[in-house]
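Undergrad: Dropping a structure here in structure tokens format, bear with me for questions.
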């Protein structure tokens, strides 16, 4: 408390206001925990909940493990070794993030099912009729595969940046101590990358927990299924909010574990010098093996689905109306860019606050803001609509005073959708920004203050320029996520507002996956472009 | 340079924010003006491209602008509920009678009477209190492998739960509303006890755990996973007309069977719409309903998605006619909604995933 | 008195023992004070409190008749006119050496800022390095830039936190001498914290020794030698006395 007083200023006020704004809608969900349980809740508990929870646990744990294995091994290869295609792979390996998992799920099923490319080729080309069960991807392992392939970049990017920038002396000294590459990996790389691995993997876990598209299509019943079953099926939103609140509790536990595991980390630049790791050149078959591994993952996570989408686009071209596509692109880019900007700005303010305060509990406050990320979008939508309708209620006299005929203004405007995005994706942006703040530590800020610069000047002249990498990466990650987002966009958009993802979903939900390919391809293309631009900027920064 | 960049970032945000703030007020202002009679606000869970064409045509004919939010039925329903009296929604359109019933139960729809609607929509496809009107209907039928199954072996939905079909039946998960409605109709017709036994028998006969959509069940027949599948007719129609020759091949290897012809009739469901209780454009909403159920619209509205029109003066498409006439379940559509929750609980109890 | 620290106490959040306990010290203008102590003795805390990076629990801080802190006042760090050289220098990596030094200069014309910056570079003998970035400099050079940056705005007081800990031994000797020269040349009151007695003896006019947040000794470097000798004698006597017991 004392320390906070020492730094009390407009920034603190701003941060607290933002935290409250982000948290209040979630409060509607938290209160759900305390509503009395009804028959439906009891029914769920008796018949399905146990299996659902087990499925969810398997799904999240297996996906987390797989994404860590793939993400870390790729990060390690790229950070430590030189091999053919390394420069290309370094950024291309982020590309799978541009494919929404539900589209990936549809696409892979499309490739592998009875009428898909694989079975058709085997059947017609080679006369082979294999047991279709071999190609069945619509099961738990299949879903784990889908999530892993399209989410591993979260672990990869964070870990790779960390290893390249931070680990040089540790890794080099290990090598000098005569440890081979495998022992270096397991005894040094793995433990020292712990923090970035956990940061990446917790994003993956949250993403898997709140996703509904993949598991619904693949017929896997998870905790999210229970939430929607009680809402859509039983028309019992109370029970579904109660379930969502339980999920939130689980997520809070994950966040606490993450905090504990991070422990008393010190990962600020110790000196102003960041020494890059010297690359070891892999020659001969080793080089090809490394390149092959990277290419394999990239193909599974990007090229194969994209080629299938292109194929479908060609197949169905002209069968669906496309005059409006330019507008969908504009709408998509507009909401994605705007919400990403807002999130980055808010995250900078909250992150600044987080490193200023010292109290044990105040430190946890900013963590509350990431809760939105764990909740299925549709449930957040309800919370946000409720909050905005209430807000409009308060503002109604004002609306009438300025001559509007309606009392629902904000709740039918794009502000509603943007707020929902911010609540939902704040975690993604905040994660990047927080890592950025961690990296620069507080000394530069203190130095600036002592040189006579106030908090605001310090923020713009010292913090922001030093965190450009974190700011850009936070922006891009949110941008891509909003571009892919579906339940919130679908339900909270204003009248006549279509985006690429609502369009893709419209066809996909109707089992017209081929017709969905054009909008999907545009989402992938724009996201991929964003990743390339992001990478180019970062590369320039490094020079 | 760097200082400039960061400054621009922040400035940009502020500008966009301000612009966004002002543009939204503009939007709502114009919509406020139009509220005086020139628009109708539609919340729809049906999102076919042909719907948009029809709305455009309606605009041209009447000068009434159709504003649309497309979403999932339950989420839209919840949004209308939360928006309360101030909601902008005038018409709620969805593709399932159960949902229409739930909307009615929630009290967000109002009763409207119109001679035109009474003439165009048969009584059994209207809500008994005229709160909603059906617009198209779809049948949930049995598809079978023409090579392995003789249609004479097929009779009813109920028969599929018998031992001879063990390991041969394909159907999607119980999360799907079409299955819930089918089950709800069987609860209505046969009683809870018998219906539950049926569901348990079905689970025993599954060729595999439910996965994928209706089309995937058809493909699984072709792949030899099972012999019969329960699916909606329009998916079959879509496959027959697919751009993918492989899908067409699959569809051609299947036959359509309308079950329960000698007993209770084939299960049908409707897509339909109702006027929102606090609608500010009630007359326009009714006009749109009348337009969508009129013969001209019915032809496209139903045929583009291989559905059956509700308006009896309109013939189904040739393809649908080629499958033959069939007897429909004779139950109130509201029953599908009334029994929906029960259906889900029973699905859970018998372990139908 | 130029700088007055009166009865200042402080403890870090979530800890029981005070990091600083009723600490009092007066400093004359131009004096170089060295604070000696083991890590955890509270020596860096004094610097952070003076700088305004931490807020004392109670007490009073005054520089040249201006109250920095008492019951009613807490002056923000940027208003205090105190310069600080951080242990790891904290040079802004995104700015050139010149820009780093000019950062603290405000309310001046651009040309004046430049002139002052060049003066400073001259003082620390790094004239050619104006356009370089910090990571292109050696440790010793970085330290001199940090000192130049801290001195440039003409602070009342300059604080140095373990200024030699990141330098190799050879460099330490040279820099120590340089630093004393620079400080005396600029006639700036300064406090530096160190764990190395040698630093303190060579640089300081007066030494303050801290133990567990309390003042253990204050005086001229030569006085300290005497106290130490006595302490050392006392300790060895004790050892001698206890020796037979150990052997049994």
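Quick reminder: no glycine exception, Cβ is built from N, Cα and C everywhere.
The shown structure was predicted, so the numbers you read here are calculated from the model rather than taken from an experiment.
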Undergrad: What range among A:213-235, A:328-350 does TrEMBL describe as transmembrane segment?
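TA: Going through A:213-235, A:328-350 one by one, TrEMBL flags A:328-350 as transmembrane segment.
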Undergrad: Could you tell me whether the transmembrane segment (A:328-350) and the transmembrane segment (A:397-423) are in contact, taking contact to mean 3+ Cβ pairs under 8 Å with a sequence separation of 6 or more?
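TA: Stretch pair touches.
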Undergrad: Would you mind listing the long-range same-chain contacts of the transmembrane segment (A:470-492), meaning Cβ under 8 Å and 6+ residues beyond its ends?
TA: 97-98, 100, 102, 157, 212-213, 332-333, 335-337, 339-341, 343-344, 347-348, 376-378, 380-381, 384-385, 416-417, 420-421, 424-425, 428-433, 435-437, 439, 464, 499-502, 505, 523, 526-527, 530-531, 534, 537-538
Undergrad: Under 8 Å for C-beta pairs, could you tell me which stretch among A:91-111, A:241-261, A:370-391 has the largest tally with the transmembrane segment (A:144-163)?
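TA: Comparing A:91-111, A:241-261, A:370-391 against the transmembrane segment (A:144-163), the winner is A:91-111.
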Undergrad: What residues in the same chain, six or more past the boundaries of the transmembrane segment (A:184-206), come closer than 8 Å to it by Cβ-Cβ distance?
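TA: Those are 60, 63-64, 67-68, 71-72, 75-76, 147, 151-152, 154-159, 161-163, 167, 170-171, 174-175, 251, 254-255, 258, 261-262, 265, 267, 370, 373-374, 427-428, 431, 435, in sequence order.
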Undergrad: Which one of these stretches, A:91-111, A:241-261, A:370-391, A:519-538, has the most C-beta pairs shorter than 8 Å to the transmembrane segment (A:12-34)?
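TA: Per the Cβ count, the answer is A:370-391.
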Undergrad: Would you say the transmembrane segment (A:370-391) and the transmembrane segment (A:91-111) are in contact under the rule of three or more C-beta pairs closer than 8 Å, pairs 6 or more apart in sequence?
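TA: No, these stretches are not in contact.
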Undergrad: Quickly jot the same-chain residues contacting the transmembrane segment (A:241-261) by Cβ under 8 Å, restricted to those at least six beyond its ends, or write none.
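TA: Contacts of the transmembrane segment (A:241-261) (Cβ under 8 Å, skipping residues fewer than 6 from its ends): 26, 28-33, 35, 37, 41, 44, 194-195, 198-199, 202, 205-206, 209, 223-224, 226-227, 230, 364, 367, 370-371, 374-376, 379, 382.
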